[in-house]
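Everything below concerns the one structure shown next.
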Amino acid sequence: MNLSWKKILLWSLPILVIFVLIWQGFVISSSSEINQNLFTSRMTYGRFLEYLNMGWIKKVDFYDFGHTAIIEAIEPELDNKLQKIRVELPPTTPELIAKLKQCKIDFDAHPVQDTSLLWVWITDLVFPSLLIIAISFLLRTSNSAPGGPGQAMSFGKTKVSVQMEAKTGIEFDDVAGIEEAKEEFQEVVTFLKKPESFTAVGASIPKGVLLVGPPGTGKTLLAKAIAGEAGVPFFSISGSEFVEMFVGVGASRVRDLFKKAKIHAPCIVFIDEIDAVGRQRGTGIGGGNDEREQTLNQLLTQMDGFEGNTGIIIIAATNRVDILDSALLRPGRFDRQVTVDIPDFKGRLAILKVHARNKLLNVDVSLKSIARRTPGFSGADLANLLNESAILAARKRKDFITMIEIDQSIDRVIAGMEGVPLVDNKIKRLIAYHEVGHAIVGTLLKNHDPVQKVTLIPRGQARGLTWFIPSEDQTLISRAQILARIVSALGGRAAEEVVFGDTEVTTGAGNDLQQVTSMARQMVTRFGMSNIGPISLENPNSNPFLGRTMTSNLDYSDGIATNVDLQVEKIVSDCYYQATNIILKNRVIIDRLVDILIEKETVNGEEFRRIVTEYTRLPEKQLYISHC
Ligand code: ADP
Ligand code: MG
Ligand code: ZN
């Protein structure tokens, strides 16, 4: 419940009180004759009999089973004015009735004014109970507000953290690019819809499925789609929400979660970030965590506690399956693993199609070319990209999203915000040479991706940028391709040095050199692409509690370590030599390109290549671009 609701409640309380008070007053003053007559004068029974004998009584109304009477009598003392007087009677006397009859006095008996009494009762009851309900409601909501004062008092209750969606409204069609994962789950959906077909042949469906993959690849979305397709409720909680300050809270949350799930079965229970609770227990590094272990134990107990075919399917998501406790992965628990990875070209295209459904795209927008330019983008990145483009288009008051907005958004996602253009000076010239250095080397190398554009407009940390069109299938890269990348990454520094001399080179190449070194080292230690031979010198099972780099490189001798360093150095220096050569040979083209770049700030790939072909032949690119 949010704040505005609480405000409304707070304000409505006094109004409620006033309303009820008025209501009660109204009831008392109007609806009950007997109550109204509370305000009339009274007389004793003896005096009443006297009045009767004197013939001053005109009318008698009995109330309250004859215990009370309101009489109308002439008061001689008051100029014979007719007065209403109240008399309490002894237990009904038949003689009185006979006497009244005899004296021909009009009399009447009234039932207990139960309606009025009822009203009084109701108002007396309703008001305090309303008050109590309202107050307890208020207290409860303030308790459940995250971080609110009542937090410590309400621990153990999952009312806050377990979210239930009766209908997720998401279907398999909304999830794209992870077809294998969807196929895996098709069976789960069928089971949730028609469990009989499975149970009839004695098959039991897995209780737990683990979704493994980097953030933003659609794990949550997929889990919701399963619930949506099967038409069952979706319970979700994040692993980090299990682990609280107090020992035992997490465990009780797990119990609560399963209790609820059982009530709503068949259903999907989704535990996000399960690594937060499911880490390997008892490693001792950094001290144990009682709370986490208790929570994990409870989770295991609960998972063992229900039969496979109760219709509860637990889907957990993590991006670090390597650190999970092995007990979690045992049969009967999360014994099925489904990997969702960063999408490839086809996947990206499919995801873009899903998210382009509700966007107005101009005819010049090619989803294929977006997909080609965005290797490494997750589904969430792509969704975000299209949304950013839409926002940009709206800001420019365009009716359609054009390729311009999309290009801008891609650049922004990859390289950060656009900065102000540099003023013309020596620095700008140097940056221009640096970028053209990258671009010309990349263009003239057979195995390098083609230039998409070169720009001097700063973005993020970079003062200038050279974009290459990435070839598809970045997971399979040849040695020649990596070398070409290293050479072109060194092209920037090489150009600076050739043109300005080795005392004038700048820190601008720092990032390039980092990448170069990392690529060269991986060639040696991971991919067996050096003279050391096809050996992997990385320990893939590095301890999850220490950073990867702290434990890798430990498994081999000092001799090999020295050799690795030598090989890395050799690769880099060979490549630098190549880069310098290309710069030296093409100095005339470079000077021309730099002038154009400084004037235009941005030169696109086609133009760049056109200028280069005026001077030299372009190599025929040998790229592993997949068929698209
Ligand atoms: P994860 O749980 O893996 O971190 P999410 O499922 O939360 O990722 O994805 C975030 C958003 O990104 C989704 O709501 C969706 O808009 C988009 N998205 C991610 N993957 C896909 C996909 N495969 N198909 C369509 N949209 C996707
Ligand atoms: Mg998620
Ligand atoms: Zn550079």
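Glycine is no exception: its Cβ is also placed from the backbone N, Cα and C atoms.
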* Hey, TrEMBL has Zn(2+) bound by HIS434, HIS438. Any idea which of ASP344, ASP364, ASP512 it lists too? -> ASP512
* To do: Across all the protein chains here, work out how many other Cβ atoms are within 10 Å of the Cβ of THR220 (ATP binding site).
  => 19
* Asked: PRO214, PRO215, GLY216, THR217, LYS219, THR220: which of these binding-site residues put a Cβ within less than 6 Å of any ligand 2 atom?
  -> LYS219, THR220
* Asked: ligand 1 is in the model; which of the binding-site residues PRO215, GLY216, GLY218, LYS219, THR220, HIS438 have a C-beta less than 6 angstroms from one of its atoms?
  -> PRO215, GLY216, GLY218, LYS219, THR220
* For GLY213 (ATP binding site) and ASP512 (Zn(2+) binding site), determine the Cα separation and express it in whole Å. => 29
* To do: Indicate whether PRO215 (ATP binding site) is helix, strand or coil by DSSP.
  => coil
* Structure fact -> Taking all protein chains shown into account, the Cβ-based neighbour count within 10 Å for ASP512 (Zn(2+) binding site) is 19
* Asked: Relative to the Cβ of GLU435 (active site), which residues of the same chain, six or more apart in sequence, are found under 8 Å away?
  -> VAL454, THR455, LEU456, GLY464, LEU465, THR466, GLY492, LEU597
